[in-house]
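Structure first, then comments.
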Amino acid sequence: MAKSDAVVPRVYGGPAGWISVAIPAGIFAYLLQFLAPVAAGTPVTLGFDWVGSLDVRLSVLIDGLSLTFALLISGIGTLVTLYSTKYLGNHPEYPRFVLFLMLFMIGMLGLVLADNLIALFVFWEITTISSYLLIGFSSDEAKSRRSALQALLVTGTGGLAFLAGVILLGTAAGSFELSVILTQGDAIRAHPHYVPIVILFLAGAFTKSAQFPFHFWLPNAMAAPTPVSAYLHSATMVKGGVYLMARMNPALGSTDLWFWTLVIAGGFTTVFASLLAIRQTDIKQVLAYTTLMALGALTMFIGAGTPAAITGMMTFLVVHSLYKAALFLMIGIVDHETGTREVDQLRGLGRKMPLTFLGGAIAGLSMAGIPPLVGFIGKEFLYKAGLDLDRGMIWVTGTIFAASVLMFVAAGISVLRPFTGKLSNTPQAPHEGPWAMWIGPLILGCLSLGFGLFPDTIEAWLVAPGTWAVYGDYSYAVDLYLFREVNAAFVLSLVTFATGALLYAVHRPLRDRLGRIIEANPVKFDAGWDRTLDGLKALAAWQTNILQSGVLQRYIFTVFATLAVGVGATIWLKDALDFTVDWNDALAGLQFKHWAVVLFVTAGAVLTAITSSRMTAIVALGVVGIGVALIFIIFSAPDVAITQLLVEVLVVVLVAIAMLKLPLLGLARDRKRRPVHAALAVTIGAMVTMVMVGVLQGELDRRLTDFFETASWTEAYGRNIVNVILVDFRAIDTFGEIGVVVIAALSAYALLRGTRYERPESKLEDRAQ
Amino acid sequence: MEILIAIMVGVLVAASVYLMLARSVLRFLFGLILISNAANLVIFVSGRLTPEAPPLIVEGADAPLAEVANALPQALVLTAIVIGFGLFAFALTLVYRTYQNLGTLNSDEMRLAEPIDVKAEPTK
Amino acid sequence: MNSIILNAATRLLVALLLLFSVFMLLRGHNLPGGGFIGGLIGATGFVLHAIAMGAQATRDTLRHEPQDIAMIGLGIALASGVFAVFFGEAFFTGQWWFAGADPSDPDDKGLPISSVLFFDIGVYLVVFGSILTLVLALEEEV
């Protein structure tokens with residue numbers, strides 16, 4: 001695939017670009033109308049049946065949690081698509097990019113809005129697949145492909161576990177509707193399948209949200225174009241797992257298993273990721289690891305589960321989406337305009353790129369948690385919630401303190417350093433990006449500031465309804481504020497700033513030391529991943545060598561032997577053929593013609609099997625075919641009999657034509673294999689007979705036949721019931737079948753008329769070398 | 001008669017399995033024809049056999065007056081015969097083409113996709 | 001094959017078989033017959049033609065490529081199924097028009113023309129076209 005700079009750039013931006021901006025903007029505007037009812041505490045549900053018989057409904061649940069997510073997805077989506085019109089507008093594959101991005105957005109919106117777990121799972125998988133396509137967008141780079149595959153395999157495996165969990169939960173709760181499941185928390189927690197359900201759900205959520213030990217795919221996923229990183233891998237998709245945990249909290253939460261798993265895994269991810277963030281030199285990687293940290297913190301606070309913790313979680317969720325998307329977009333502009341993201345090469349860009357700096361700076365301040373930005377509120381409420389916990393207080397608070405300090409440092413690294421100081425030399429001369437690019441960070445920055453100054457807005461619209469939905473209690477009063485009194489959390493904030501400033505001052509030597517420590521650590525997840533895949537491939541190669549002998553006879557033998565064992569064992573175990581045949585009854589009324597036909601067909605079949613002459617075989621096959629047609633005639637199936645006779649004629653014609661150029665039959669098989677093959681053949685034949693006799697002993701269900709008989713004339717105006725079934729009652733089937741006939745004919749035609757190959761001898765030698 | 005046909009189908013299936021296990025793909029084709037016939041008969045017989053009463057509605061009646069043969073399996077078998085023919089024709093051209101390109105009908109010698117002495121591709 | 005008798009007989013037989021195939025197709029809704037059988041009979045006629053006079057002669061006689069005929073048949077079958085949608089019914093619901101029927105007499109159906117008939121014609125063309133596609137190609141190849 002051609003790279004953007006390798007071809008004459010064609011401007012595709014036009015319609016694809018504007019449509020891609022209009023769609024999320026329209027959805028965002030549409031969703032705004034639900035703010036008022038949801039803020040009033042009444043979730044909205046809409047829906048219609050999809051697969052009614054399986055209890056799969058396409059239903060929508062709009063409550064505080066899903067609306068918050070949906071607004072973030074469509075709102076940030078609007079900014080990101082707008083940004084992409086300039087960032088990738090000249091890329092030859094831009095329309096493809098837009099298509100994937102829209103696919104992802106639909107999947108993500110469906111995921112958060114679905115009220116049915118099956119539908120939720122389908123959308124979940126759509127986000128996995130579109131994320132795969134987007135990470136691998138630069139498909140000509142091996143690194144992109146590897147990262148894309150890694151993300152797909154990790155999240156896809158988790159998705160499978162999640163599906164199993166969905167099915168278990170659906171059976172445990174008796175419904176797949178979330179609105180029903182969420183009211184049955186006590187029953188589900190008492191259910192014997194509770195533990196496996198939690199494990200399976202968390203497997204899905206942890207892989208999706210890159211929680212330790214599945215964290216390694218997310219930083220690699222930064223191989224995607226920056227708008228994708230900003231959108232999928234910070235603001236939306238990776239929060240899918242967080243959404244799932246938050247969503248299921250009323251049903252699965254408030255048990256020890258849930259508490260400790262989430263708190264420990266989330267906390268570990270938080271600390272681990274913030275340390276890794278500090279040691280990066282690529283600013284995008286710094287942001288990637290701080291995203292991981294945020295996901296860990298969100299997970300931890302969902303697990304903590306107190307109303308205060310949930311409030312902190314919801315606040316931090318919004319806060320983080322706002323500043324992290326802005327920062328990703330910012331670093332994208334820097335990369336786009338200077339040609340590098342290396343922290344050591346970027347200094348003093350502020351004067352050249354003032355608007356980018358402005359947007360980035362507000363976001364960075366929010367990330368550092370400095371008042372009056374909303375980031376400060378987010379951090380304060382996490383501290384407050386952590387300090388109020390009955391159990392795990394030290395662990396949670398300590399974790400979040402360490403993370404906040406390191407986040408302060410990361411904010412410095414990713415915004416302060418590149419934009420201040422003396423202008424450095426960069427691969428391209430830096431200049432301000434186009435408006436479509438800097439508007440995104442700026443708007444997001446303004447929101448961070450606005451929500452910080454007026455916390456009541458975010459509280460009333462997003463955080464309070466979200467908290468109610470996650471906590472499952474609509475009476476809890478959420479109260480967000482910027483500053484009210486000097487308390488423990490506030491003091492902790494001050495300590496955070498001081499420690500953060502100190503660490504930022506020494507962050508470069510710290511980075512190098514940290515790097516050495518991490519290098520020395522023998523456990524490497526990314527490398528371990530490669531080894532796992534290699535092992536899998538080796539295993540596949542090993543078993544392929546055993547199973548795929550390449551000898552057709554052996555394959556067919558395996559297939560039939562498996563059939564014989566499978567059916568035979570089932571018959572034996574189930575006593576399925578426990579009946580007696582009344583031979584007198586079975587043979588009563590048989591006439592000469594019946595015996596004659598059966599003998600003819602049997603003889604023809606046996607002769608075909610044992611002859612070594614082509615002509616004999618063809619004639620014997622003809623006898624079988626005609627005999628079968630006679631059976632159809634005797635037993636009142638004129639249509640079938642005519643068809644069978646005509647097809648028989650055509651088979652003989654085709655075989656006769658082909659025989660002109662085909663060799664003689666030759667030896668069928670090694671002499672010593674003959675008894676084994678014959679034994680298998682006789683076994684299968686006997687089994688078919690036994691099963692048929694068994695079926696014939698049972699009662700015949702004539703309901704369909706009766707319907708066709710009565711409706712054939714009265715409803716379909718036909719007197720030949722067989723034909724009416726074919727062309728009217730089951731016309732869709734018939735249509736599919738004639739489609740198959742056409743395809744078979746065209747394939748054979750293509751095979752005969754297609755390219756001619758060279759003679760085989762040379763070819764075989766080529767391949768063998 | 002149903003039991004008798006069940007035994008006959010067993011013979012048909014046994015013959016076709018025996019043919020499919022042979023080395024020559026032409027024999028495999030013969031086995032394919034036999035097993036198609038056997039499968040059609042299985043479906044047909046499962047709907048039970050009714051002599052001399054084709055599933056037609058006589059002029060002037062709204063439904064069959066007396067018991068007629070089961071029309072449903074007949075409809076299924078009818079399309080199955082035609083599709084079976086399509087499958088057979090395609091398989092035949094495939095065999096024909098294979099013979100032209102490889103010069104053999106012996107499946108043991110058709111090793112283009114899975115050559116004998118080549119190990120599975122080493123992992124990177 | 002160069003047989004004068006076969007040549008002469010073939011001309012007659014093809015015409016008869018074709019006529020018979022259409023007869024079987026049209027009566028199929030009420031008596032044994034229908035698109036599958038009609039198509040097979042029609043194709044058999046032309047297979048005979050191809051054996052007697054060569055595949056090229058058959059192609060000339062057909063005037064259209066057999067695979068085109070099959071695809072047109074598939075199109076007709078699909079169109080007759082989609083037709084019902086315009087009357088607000090599910091796909092492949094039969095639509096009937098009783099030409100010249102007496103509305104007061106429930107047994108007088110006049111000349112029934114239906115989307116089902118067109119579907120059967122589609123089946124006929126598909127079977128006819130597909131078989132000739134195969135046979136002619138194989139015959140030319142050998």
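Heads up, the Cβ atoms here are built off N, Cα and C, so glycines get one too.
Copied over from TrEMBL:
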DOMAIN    A:51-97  domain 'NADH-Ubiquinone oxidoreductase (complex I) chain 5 N-terminal'
DOMAIN    A:114-400  domain 'NADH:quinone oxidoreductase/Mrp antiporter transmembrane'
DOMAIN    A:600-663  domain 'MrpA C-terminal/MbhD'
DOMAIN    A:673-757  domain 'MrpA C-terminal/MbhE'
TRANSMEM  A:12-36  transmembrane segment
TRANSMEM  A:56-82  transmembrane segment
TRANSMEM  A:230-246  transmembrane segment
TRANSMEM  A:258-279  transmembrane segment
TRANSMEM  A:286-304  transmembrane segment
TRANSMEM  A:310-334  transmembrane segment
TRANSMEM  A:355-374  transmembrane segment
TRANSMEM  A:435-454  transmembrane segment
TRANSMEM  A:592-610  transmembrane segment
TRANSMEM  A:617-635  transmembrane segment
TRANSMEM  A:676-696  transmembrane segment
TRANSMEM  A:734-752  transmembrane segment
Maximum Cβ pairs under 8 Å to the transmembrane segment (A:617-635) - stretch from the list A:12-36, A:230-246, A:435-454, A:592-610: A:592-610
Residues in the domain 'NADH-Ubiquinone oxidoreductase (complex I) chain 5 N-terminal' (A:51-97) grouped by DSSP into helix, strand and remaining coil: 31 helix, 8 strand, 8 coil
Tally of residues which DSSP labels helix, strand or coil - the domain 'MrpA C-terminal/MbhD' (A:600-663): 54 helix, 0 strand, 10 coil
Contact set, same chain, for the transmembrane segment (A:592-610): CB under 8 Å, 6 or more residues outside the stretch: 616-617, 620-624, 626-628, 630-631, 634, 681
Chain residues in Cβ proximity to the transmembrane segment (A:435-454) (below 8 Å; excluding those fewer than six residues from its ends, i.e. six or more beyond): 76, 79-80, 82-83, 85-87, 318-319, 322-323, 325-327, 329-330, 332-333, 336, 353, 355-356, 358-363, 365-366, 371-377, 482
